[in-house]
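Participant: A single structure is presented below for examination.
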Amino acid sequence: GAGRVALLAVLLLCLWCRAAAERLRYSIAEELGRGSLVGPLARDLGLSADELPARKLRIVADDEKQYFTLDEDNTNLRVNDRIDRESICGAVSPCVLSLEAVVENPFDIFHVSVTIQDINDNAPQFNREFVTIEMIESTPPGTRFPLGSGRDPDIGVNSLQNYELTPNPFFSLLVKESPDGTKHAELVLEKILDREKQRNYHLILTAVDGGDPVRSGTAQIKINVTDANDNPPVFTKEIYKVRLMENLPEGSLAFQVKATDNDEGTNAEITYSFGDIASSARQLFSLDPRTGDVKVTGPLDYEERKYYEASVEGKDGGGLTAHAKVHIDIIDVNDNAPTLSLLPILNPIPEDSVPSTVVAVINVRDRDSGENGEVSCKIDGNLPFRLETSSENTYKLIIASPLDRENVSAYNITVTAMDRGSPALSSRTELVLEVSDVNDNAPVFEEAAYSAYVAENNAAGALVLRVQARDADAGANGRVSYWLAGGSAGAAALVSVEARSGALYAQRSLDYEQCREFAVAVRAQDGGAPARSSTATVRVFVLDRNDNAPRVLWPAAGAGGAAPGAAGPAAAAAFEVVPRSAEAGYLVAKVVAVDADAGRNAWLSYELVQASEPALFRVGLHSGEVRTARSPLARDAARQSLVVLVKDHGRPALSATATLHVVLAESLQEALPELSERAAGAEAPAAELQFYLVLALALLSALFLLSVALAVLARLRRAGPPGVL
């Protein structure tokens, strides 16, 4: 039934679409209104409604005038402007308009042809509505008189098909067809004319086409019968074939027609005129009625019209005429430069686009023909792009090598189209393609390793160092943030980094004596997705400050800090015995001191700041050795007290003191009284402490023995008989 027929038609259409994936063909009648449906383009391309937005279906027309468009949902191809087949194609058949359908993701080009079908929208017309024929009465029957041809811009059955003539016993109509299919009407004399009986005749010539409904045009024919002139003019050629260059200047002689007449006098004087000639040709050519010279009076354009046909009439003074055909071929010259139209597909271009990606489609047209219309395209300069031919007039601009936005962020591409004419003509167009950023660069530190120097006892929050990394990418891909990424043990607790500026700040006060240096790793990370990062090492060196006073190790006494030049208090004194027979330079004692600082802050010097007999002793400036400056004298007191100042070289300097008690005696027995007096005050507390310690030990021992005895007795009492107890 009808359902099966419809299903079969759909299947056949699907098969046809698959077979013509590279070219779609539609056919429509001319003069359709705007918005009229041409065909379901998206369906014929195999695109579903769901994938249409992603595929970005567009059309690119070969013609400068956009005759077609896509409807709002990009599914159907529709008429955009009035299509007049006759103005577009003239007599050419079939009349085909070409366009390209472009889709993306993936990119592809489909060639679409729309055939414009002719409708009978033009009636036949004659170049002259009134035709006058001078016919001598002696004209023999059978003589033919060209009536010209009607013109109908339509083609096929809609074009001019036949001629009709008003019935008349003296005249009949003969229709002849030329090799190119054009039909010409000729008037045939059937009987001998008698001017004395009838001087003129009025006929109507009708041209009809084969359209539905039939259209027609008419011309009035007036025949004037003249007296006999027995020799008509004769042209040198029946057909004049002329070839003219389209750039022939106006006023130039195109060609000449020539006719002769064997009569004499006015009957031999020939005047020339155009017979059957199109109005467009009449504006381009003029015929001198006396000489037969045909000159160019208007611009010839091969692209507008390639061929002209006309008939030339030569009439003598007696009214006899002769006719000849003129065929004029216009020869193309290279007078049209190629035209370029660009359709950007991908702009801006991601810099990670792979080679062979299509970024633009270029359509080239040249109105000339032959080699003059053969066009080649190229791009200027050494650029990472190349042109690839898609079809006869279409090129694809393709990425030829990898792009790098950091090197070149935009390209000015000049496309040059040149034909093969002589001389060649060319045209250029420019396309600006921008390259969009991709996060393909990690931040780079100005230095791979940084060193910072911070004096100890700094304030918490003090600036240690500022690191900086640069990222060649743009936008968020080039925005750098900083983080701590490890380092020495405990280093993360000592410093912090500001994420935006890269500034490292001390978290707390640093102590050179506890930590002289440490290292942290700082990571610079951009804002791309995925993010890229790099790491730099920052070594922080703590600089010493003079914040520790010297500490005296011997004599074993507490060293107190003091202002520069002041002696610190000594917690205990050291006793030394020096024989009175000692010579100058005798080593009495050596003061030993250390300083926890470093460098100049730890350089120690010694000096004697107080002595019972200052001239008797001296101290080594750097060694701390206390020696006799001279031999003891009898007048020197047996007991001498010395105070030695130990001072570092810091600014300000810190110091400590050590006290020495020196007894001048030849032997220990001699020195004991002096030592006893000195030690008495110190031994009393020691003896009292020793007494309490012995007493406590005795009490603890007694309590332990009593506890053991009581435990043994209690056990025996529970286990043994009373007698044993």
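The backbone N, Cα and C atoms fix where each Cβ goes, and this holds for glycine too.
According to TrEMBL, the protein has these features:
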- 20-126: domain 'Cadherin' (DOMAIN)
- 127-235: domain 'Cadherin' (DOMAIN)
- 236-340: domain 'Cadherin' (DOMAIN)
- 349-445: domain 'Cadherin' (DOMAIN)
- 446-552: domain 'Cadherin' (DOMAIN)
- 578-675: domain 'Cadherin' (DOMAIN)
- 1-21: signal peptide (SIGNAL)
- 691-713: transmembrane segment (TRANSMEM)
Participant: Short question: most Cβ pairs under 8 Å with the domain 'Cadherin' (20-126), which of 236-340, 349-445, 446-552?
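Facilitator: When the Cβ pairs under 8 Å are tallied, 349-445 comes out ahead.
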Participant: Can you count helix, strand and coil residues in the domain 'Cadherin' (446-552) using DSSP?
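Facilitator: Reading the DSSP string over the domain 'Cadherin' (446-552) gives 7 helix, 51 strand, 49 coil.
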Participant: What does the DSSP secondary structure composition of the domain 'Cadherin' (236-340) look like, as residue counts for helix, strand and coil?
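Facilitator: Taking the domain 'Cadherin' (236-340) as a whole: 8 helix, 49 strand, 48 coil.
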